[in-house]
Amino acid sequence: MRLWSLLWLLGCRAAAWWSDDYSLDDAVGLGRQLDGIGAISGGGATSRLLVNYPEPYRSQILDYLFKPNFGASLQLLKVEIGGDAQTTDGTEPSHMHYENDENYFRGYEWWLMKEAKKRNPSIKLIGLPWAFPGWIGRGMSWPYAYPDVTAYYIISWIIGAKKYHDLDIDYIGIWNERPFNSTYIKVLRKTLDRVGLNTLGIIAADGTWNIANHMLVDPYLYDAVEIVGAHYPGTETVKAAQLTLKKLWSSEDYSTFNNEVGSGCWARILNQNYVNGNMTATLAWNLVASYYEELPFGRCGLMTAQEPWSGHYSVNSPIWVTAHTTQFTQPGWYYLKVDGHLKKGGSFVALTDGLGNLTVIIETMTRNHSKCIRPPLPPYVVSPQKAVFHLKGSFSKLKSLQMWYSKLDFSTANSTLFQSLGPKNISEGILALNLGLDEIYTLTTLTTGHKGSSSEPPPSQPFPSIYKDDFNIRNPPFSEAPYFADQTGVFEYFINASDPGDHVFTLRQVVTQRPVTWALDATNTISIIGNYKWINFIITCDIYIESNKGGAFIAGRISKGGIYVPSAQGIFFWVFPDGTYRVTRDLAGVDILMKGLSGVRANRWHTLTLILKGSNISGMLNGYPLWENITTHSPENGWAAIGTHSFELTQFDNFHVEAS
Ligand SMILES: *[C@@H]1O[C@H](CO)[C@@H](O)[C@H](O)[C@H]1NC(C)=O
Ligand SMILES: *[C@@H]1O[C@H](CO)[C@@H](O)[C@H](O)[C@H]1NC(C)=O
Ligand SMILES: *[C@@H]1O[C@H](CO)[C@@H](O)[C@H](O)[C@H]1NC(C)=O
Ligand SMILES: *[C@@H]1O[C@H](CO)[C@@H](O)[C@H](O)[C@H]1NC(C)=O
Ligand SMILES: *[C@@H]1O[C@H](CO)[C@@H](O)[C@H](O)[C@H]1NC(C)=O
Ligand SMILES: *[C@@H]1O[C@H](CO)[C@@H](O)[C@H](O)[C@H]1NC(C)=O
Ligand SMILES: *[C@@H]1O[C@H](CO)[C@@H](O)[C@H](O)[C@H]1NC(C)=O
Ligand SMILES: *[C@@H]1O[C@H](CO)[C@@H](O)[C@H](O)[C@H]1NC(C)=O
Ligand SMILES: *[C@@H]1O[C@H](CO)[C@@H](O)[C@H](O)[C@H]1NC(C)=O
């Protein structure tokens, strides 16, 4: 008798030890509302190559990102408000290059927002500046000297979005990962209210949580800020942020190479930003890796579309990780009040629309398989486990839930991604699951989930070895020429109606003052194009320097770009309107290989040719050799480029490159 009771007792304990129990109950009150899962285009120029994809591939890529019940089905889209300056992988143009200038058709973010809205009219839009055009700073690299001017500049962008593109911006930010200024935030709020944009919310300050301390002691600042947004929070918030009782967002996160580890990172933070940090939105930098891969943070996007010349793209696993949440929730759904830590590691969140629908998302990412680029991930252990969920309240009568499953595979790269396992029966309100490692489960009442697919994209191809552009055929509505990726300055299509004929349509560098920068832009402007592996080049381009203070170059073997552009090396052939030329091995122009007289003048067209053949390099002006037989072994390879010596207007025409 005693033995039996002992065994019975042991049995019970064993059962309790084996299966960990969790309660899903909406009768105990609901937690915070989900604001959404989204991604960032820009910061900087991360969608640059996407716009040049031929159809149908461009639409297919957009479908994977935005179309509901198809792929990532994103709920939020944040775009850069271009500031004419380098913001990681390139520059994006401002809607106001100069104080008296306004144009709401530059760049590709307007187009992208419209494509997103076309697919999902309820996607929320966020604008954030990384940099500002120089006139905002009036000589200082600081945007807050005249808070009303900066507020006017930002609100012009919001009003322009509505007026020219019928886009309603939902949220606006301050200055990405840079100091905020309380006076400016209050002026911005007041001005928004004055022009009737009362419902548009301010997110601040897109850096650390520090602004929360200021909000707690400054009631006007407190009222001005709707959302406290921090970057790369490592799934944790701080006490001050919690005390504000404001919505807390991870307003930039992820930034990790989009392989299986990147997917593990994304799966872990999508759940744990709420479980550990009460954050109700997470935004990935970046939306789609559509920039030359050798630029900084290559392929740190939810998917990859970096070959518009071939049409090739890849739907990487983070797209399907996103779908686990986004296809089965909507902004406005409530998190259930649960401690979402699984007893043997991993996490879950449960959400309801308050109308009886339930979605549970479970992840069991192991540490080595889910490290994000930042911050460091403290050690923890996850083990296989049996989890038993007890459905209570409105959910007690549910008979089944749709089950979606992913398992990241790290040995054969043969992951199972967003697979429908059909309905999972629930008996007596009990849902029992055997959880393995590196898995994601979604269990949901919604039957609308769908793993979208398109015809196989074309195979990958290198950039064409012969490429030319006379800038006569344009790609409306875009202001930039295909494949040129500006790294300092802004190169735009230009029309000179009074030109007699040869140079009516050109490409023009238009930034005439150093911007209020975000990174260390070069002191000269540069736009890169081509294949980073190129060694041998023949580059020809017509140039028209518009100022006596100017200077222009063509170049090959450009070694770097993005935030590292000031130290770019390459072979640069410069001409100046004082009638001189120079050949340098660096963009800074100090490592001089050759210099002499060229006879070049401002306000005249000249044709430059640069020939790089192994270690023998030479240059021609207007078809005649100007310098030849210079020997240099470095740098070895890189992109082609055009650019200017300073922030001055300069035009380019009939660009032609032949390279290998
Ligand atoms: C914020 O900007 C205003 C206006 O330029 C300036 O007076 C104030 O000192 C700034 N505050 C901080 C903390 O930088
Ligand atoms: C934040 O999350 C913790 C842990 O889930 C919870 O105890 C706390 O109530 C939450 N705080 C707020 C303000 O939502
Ligand atoms: C769940 O969501 C669907 C779709 O939004 C809706 O039609 C339905 O009424 C909701 N409630 C339940 C209990 O399914
Ligand atoms: C995680 O990676 C570290 C460093 O590579 C290694 O020492 C450790 O054994 C790994 N842990 C597991 C559980 O694989
Ligand atoms: C990949 O996984 C599938 C399904 O689990 C299996 O049938 C296939 O053999 C696996 N392939 C490799 C290369 O492991
Ligand atoms: C789930 O429930 C349905 C309806 O009661 C039943 O037909 C089906 O066999 C059950 N499936 C499993 C796997 O138990
Ligand atoms: C436009 O073309 C005319 C005629 O060639 C020339 O005088 C003028 O400088 C050009 N303007 C610009 C901005 O290039
Ligand atoms: C460059 O080298 C070629 C071939 O050796 C030679 O014909 C030519 O004269 C050289 N040019 C100069 C300027 O030295
Ligand atoms: C170097 O290249 C130039 C231009 O292609 C060519 O004319 C010259 O002969 C080459 N010099 C040598 C030494 O090969």
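In case you wondered, yes, glycine gets a Cβ from its N, Cα and C as well.
TrEMBL labels come from automatic prediction, so no person has curated them.
Small disclaimer: the values here were computed from a predicted structure and weren't measured.
Noted in TrEMBL for the protein shown:
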DOMAIN    34-327  domain 'Glycosyl hydrolase family 59 catalytic'
ACT_SITE  E177  active site, proton donor/acceptor
ACT_SITE  E252  active site, nucleophile
DOMAIN    335-450  domain 'Glycosyl hydrolase family 59 central'
DOMAIN    486-659  domain 'Glycosyl hydrolase family 59 C-terminal lectin'
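Taking the C-alpha positions, the distance from E252 (active site, nucleophile) to E177 (active site, proton donor/acceptor) comes to 10 Å.
A C-beta separation below 8 Å, combined with a sequence spacing of at least six in one chain, links E177 (active site, proton donor/acceptor) to W130, D206, G207, H231, E252, W518. Around E252 (active site, nucleophile), taking its Cβ as the centre, 26 other Cβ atoms fall within 10 Å, counting all chains. For the domain 'Glycosyl hydrolase family 59 central' (335-450), the number of residues in each DSSP class (helix H, G, I; strand E, B; coil) is 3 helix, 54 strand, 59 coil.
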